[in-house]
Amino acid sequence: MLRNCLRKLGNHQTKCSVKTLHTPIYRTKNLQVLRDTLSGIKLLEKIITSSSYNKTLIYEPKYKSKPQVVSSHDTMRLHNVMRELLDSLQVDEATNTRLQSNRPRKLGRVGLQLFMDCIQDNLTATSTSLTCSLLEHYFKYPEKEVTNGIKAGLRYIRDFLAKNKIIVKSQNDVDALVEQLTMSSSDSQSIKRVLKAINYELFSDDIVRVINGNKTYDEVDVSKGWKYPAGILDSNEAYLRSLELPTKKLVSIDKDMLVLMYDGTLRDANKILPTITYARKLRKSILLIVNGDCTGDALTSVTINNNRNKRENNESRIVVLKYSKKANNDLAPQENLDFIKFLRLPCGYDSIYSPEYSPLVPSKMCADKYYGSIESIKATTGEAFLYNSIDAEAIPNKVPKSFLQNTVTLSIGGHNEIEIDRRRNAIDNCLNNVLCHGLAKGFIPGYGISLLKAIPGLNELKANEPNFMTKVGINAVLSAVILPSEVAFKNAYGYNYYEINSLIAGAINEKSFPMAKFSPNSEPVNTVKDGNLEPWSKMDSCLAGVETFIELLTSCNTIITCVYKKPERHKA
């Protein structure tokens, strides 16, 4: 009787219980948890290895119904595709309750997200293949000493590559390298024109912009001077129309301009009207840099002046730029001495007008106190280029040369959009992903050859290691470093298993760092002259990211995931 009552009570409690969300917690002592975490990266490895080295990837974008083709040379778009894949996995998990209880899928997404965060922009076949191979070896021997051996092997490779990186300096060598890196003579000629415009000083990826053009041929536009990190004030449509920005898309003034720096928010028209009158009579334009905002009556006066001068064929215009402290290394206008010197402000930081502290309002009467000058400006709402030539006699405090650079815009031409997109992606990758990093910090042989060159040193490191399990970790690195070359030779040349092994053995035995065989029946070639190079900094960052991810995954003992709430539908 009592047993039956308890059974009924238990059934009643079960029916009336409230279901609550739980937080899945996984212990990494269970190796299956780590294997599930690696599953997402294995999927990524299949995608990357099958679309690298002259291969292409077909995918359907998020907001397009037709499939798109991504070349292996277009690293930026390939990285965006992987980000879209990660986002789609996360959205599917949030909207599908069944997937929330699917442990392998959940852990695979977590592992993939951590890997992408660690590897950052160095998403290559090398990073994915090394990570998967090294962790598979660790799963066989999950010991801390094995992890130490893996880290020691990766650090040895990084040191080895740093000591042997190849510096390419002469213009002839750079031109020869460009010839090998490009797919057509038109691409190489355009890249050489860009390099010549900047005197072959391509040491940053923000010097050259590659965009789609609207003609059948390529155009090179050079913007000299200070690359200002903010564009024209875009908070007022009437002001933008007064500069004809909606139609011309660009404000370009190639004559001497007055410069006025204003510390604070400019609202009162009386603070700017004397300057407007002075500039209109001189028929000169004004560059107004505001540390704050320009609004109210002041902006209205500026707009009216621009429209009036346009009707009267007066060249005077007022271009308003906002000063961004964050974009100027957290320097206030008064602290940014290099910028003040560049603008040729007559009294240094004392020429910055402050309505609270300055005794005089800028005008013709005190022009020698407030107004600087620049020789030309090119500006949009996104950025601006200010130019002043450096003259040691005219400017006692000479501006450092590093603050004056040529910024080149290369507009890619073609007969159709597909051709333009393909050429833009290839040229952009060559300039801003390969050449800029390689010319700045050095090159190493590509196709995984540089990793093969480190194998003799890894063997010595392994032989001198007294701890057996640490040797196992170094041996895992020895097994993993040949994988990038296997993928490269298979995808790029279509070699079979025996030919690939022969080429790998030849590269290991060749003592000269830049020399390697790329055909089973040929002699070793110089990778510098042959153009088979990649930036050292990219490989170094890749190895550092792999090491960080492995250390992160093997050092934690708990993985805590979350259950996503289904998005709520808001009633209209």
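The backbone N, Cα and C atoms fix where each Cβ goes, and this holds for glycine too.
What you are looking at is a predicted structure, and each value in this text was computed from that prediction instead of being measured.
The topological domain 'Mitochondrial matrix' feature in Swiss-Prot is assigned to 17-471.
Taken from Swiss-Prot, the feature topological domain 'Mitochondrial intermembrane' applies to 489-572.
The transit peptide annotation in Swiss-Prot covers 1-16.
Residues or ranges marked as transmembrane segment in Swiss-Prot: 472-488. Same-chain neighbours of the transmembrane segment (472-488): 49, 52-53, 125-126, 129-130, 133-134, 137-138, 141, 145-154, 157, 446-449, 451-452, 454-455, 458-459, 461-462, 465, 500, 503-504, 507, counting only residues six or more beyond its ends whose CB sits under 8 Å from a CB of the stretch.
Regional average pLDDT for the topological domain 'Mitochondrial matrix' (17-471) in the model is 86. Helix first, then strand, then coil: DSSP counts for the topological domain 'Mitochondrial intermembrane' (489-572) stand at 42 helix, 10 strand, 32 coil.
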